[in-house]
Amino acid sequence: MELSFTKMHGTGNDFIMVNGSNYPDLDFSKLARQLCRRHFSIGADGLIIVLPPESVEHDFRMRIFNADGSEAEMCGNGIRCFAHYLRENNLTTRDVLKIETLAGIITPEIVSYNGDKSLIKVNMGRPHFKSEEIPVNIEDELDYVKNFPLKIGNKKLNINCVSMGNPHTIIFVEDVNQIPVSTWGQEIEHNPLFPQKTNVEFIQIQSEDEIIMRVWERGSGITLACGTGACASVVAGIKNGLLKNMVTVHLPGGDLNIEWQEQDVFMTGPAESVYTGKIVIQEG
């Protein structure tokens, strides 16, 4: 079977985009495992499926699968690529969209569109802090998991937990370049403290409006960027009195601008097409 796709990225967080309406019988989890393998297939951090909405009040529905085949609730860089895909493929002429995700309705706005690249601002919704909402397995439920001690090997870390529709664990460090992101990230992701696993962000504070971030994504490993992670990290920094309300997040794949005024979080960043193609996949 021949499958059409588009390869896109948002600040280096790369995705394979597929119009799911054309392939209603595909196992998308299996497809993600097949296509996201770097060096052996197309290679990507995740697979994004474009679908019609379940409600007439919304525009489209997004499903996103990590490289390991697990389905994610939401992805900040992915939702920007999703909006860019819709415009590039003439599936919409609207600038503001209502997209159904497992994390709820997300509203991206196409600020500018220039052929293969867009600048997109996304209302990411409100962050959640209660331990049961993230979720975090803590005996005494907390309104905010702030600087909670977690031992990794011989190292004791202070973690902060925020949900942006998906779970994030934020750790403030002096120098992100000195952190074994792969080792610590994998251990924290699979720690029994997190029944649904967790994304892990390591944050170096540059100033009140600037941070450096490294990320270990649940189900994908080290990536060049994570939009929901950038949002969660800025929110955690503000909650800890370390950051102002508008922050630039420096990631290996580029910069994201995050704003939080105690209600909804807004993220602004690019989305870019890399190429389109077709690949033969085995059914069944």
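Here the Cβ of each residue, glycine as well, is placed from N, Cα and C on the backbone.
Per Swiss-Prot, the substrate site holds Asn13, Asn66, Gly76, Asn77, Asn166, Glu217, Arg218, Gly227, Thr228; the candidate it also names there, chosen from Asn147, Asn191, Asn199, Asn257, is Asn199. Whole-number maximum of the Cα to Cα distances across the substrate-binding residues Asn13, Asn66, Gly76, Asn77, Asn166, Asn199, Glu217, Arg218, Gly227, Thr228: 17 angstrom. Among the listed active-site residues, namely Cys75, Cys226, the Cβ with the most fellow Cβ atoms inside 10 Å is that of Cys226. A C-beta separation below 8 Å, combined with a sequence spacing of at least six in one chain, links Asn13 (substrate binding site) to Asp45, Cys75, Asn77, Gly78, Thr223, Leu224, Ala225, Cys226, Gly227, Gly253. Taking all protein chains in view, 27 other C-beta atoms sit within 10 angstroms of the C-beta of Gly227 (substrate binding site).
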